[in-house]
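The compositional bias 'Low complexity' annotation in TrEMBL covers 318-329. The annotation compositional bias 'Polar residues' is assigned in TrEMBL to 330-341. The compositional bias 'Basic and acidic residues' annotation in TrEMBL covers 421-432. Sequence annotations record features per position, and here TrEMBL assigns region 'Disordered' to 318-342, 359-432. For 24-48, 60-84, 104-125, 132-156, 176-202, 242-262, 274-298, the entry in TrEMBL reads transmembrane segment.
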Amino acid sequence: MSSSDSSSMASADSLVALPDLRGLAIGCGASGIVLMMIVLVTFAYMAWNPISRPYLNRVSFRLLVYALITNLLWLASSLPMLFITGPGPACTFVAFGSNTALMATGFFFFFISLNLVLVLVYGFNGRAMEKYYLIATFIICAVCNITPLAAGQYGFWARGQTCWFNEPDPAGHLRWLIGARAFPLLLQAVVEVVLFVILLSFMLGPQMRNNRVTSNPSSTSSSTVPPPPIVRYRGVVLRIGLYPLCSCMLNFTSCILDLYGSNYVATVQAITPVLVRIAYSTAIVFSLRGLCYALLAITDPSFIRAFQALRAASRSDSSTSARTSLSGSVPGTHSQSTMSSRNKRFSFGGQAIVRVEFERFEDRPSTDTRAGAGAQEKPLEGAGPMQETDVELGPSADEPPVLASSGTKRMGMGTGARRQARSEPDEIERQI
């Protein structure tokens, strides 16, 4: 038996041993599409509801929504690749659409990290910079994807049996892959790491200085100097920073797998266990991208605050309706005392609404003991003048509301109360 026959038989045996990756990719991709659609529909409802809308007014949250939409388009355009087995216009369109959507998703997450540094470190206005993020994403994606489309490089790749860069020459295929896809994504990953390090350094620096000032007993102005925004919002900043870090890891891993897999397929004309592992890893990384982004999105601070505001408003409405129905079903027992009540709405920032009922007992003239038009009403003894009490409801419905007098002074506000008083994002938080 010749060596060529033995190599062909080994290749055939390896081909038989190759597992079916189509089911794995379809399952992960479909689950990511379903979960991302649920998240986007929930975001749309919260943006429509006037109670939860102000909590979503943040630049990074809007960039997150754009990234989820483009990633959903990427998943929707990538799944047809598993069923296309030859060249054609559909293959060209799918290759162009999937690469464009993937790059747009990466740049939206990249600009989330860039916006954090520009606003908190260098004092830029994030809301004013938002339009430039969108313009830059559009220009970069257009340049990196329209150029290979005009050159006829998108289509069916015969060596890989997929819709991708269709350059038959391995060296040319690698050049197009690096220039139009791998280099921009790898550059994103590197810059995202640098930006995160800058953010951490500027965050830890003021924090350490504040700790030294606070620990100094001779310092008298430490309690009056507020911490800088990068320290005051460190919890939100670190949570938002998970988006670019996750995108960085996924982009870096996927680019390395793309480069190694393309070079391996071009040089090795057989299906080997190494190629099987590459195919497995690539399918898992790309298909789980939607699941990772959706799970991060539902734990976003803005989403959690908006959900808590809706839940608090729903609980207050249900408790008020139950109290109203209960008071209407129990008849009064005092013949000379009637209860006059009025309902008043209080809201914190116009959103988290709670109804407070004020009651006042007054003596009414009885028909059998007091008569005449000159009879005057007399207040009930022991009942002082009616006082209105402001109720501030924070983002968490599990914590008790903070009570304050009708004046401006809050009584007994601890750390949790101050956190509740800042339920809606302020101007700085809207920019990050």
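Positions of Cβ are set from backbone N, Cα and C atoms, glycine also.
At the 8 Å Cβ threshold, with sequence separation of at least 6, the transmembrane segment (24-48) comes into contact with the transmembrane segment (274-298) through 3 or more pairs. Within its own chain, the transmembrane segment (104-125) has Cβ neighbours under 8 Å at 59-60, 63-64, 66-67, 70-71, 74, 133, 136-137, 140-141, 184-185, 188, 191-192, 195-196, 198-199, 202, 229-230, 233, 237, 240-241, 243-244, 246-247, 251, 293, 428, 431-432, counting only residues six or more beyond its boundaries. Below 8 A, the CB atoms of the transmembrane segment (176-202) and the transmembrane segment (274-298) form no more than two pairs separated by six or more positions in the chain, fewer than 3 in all.
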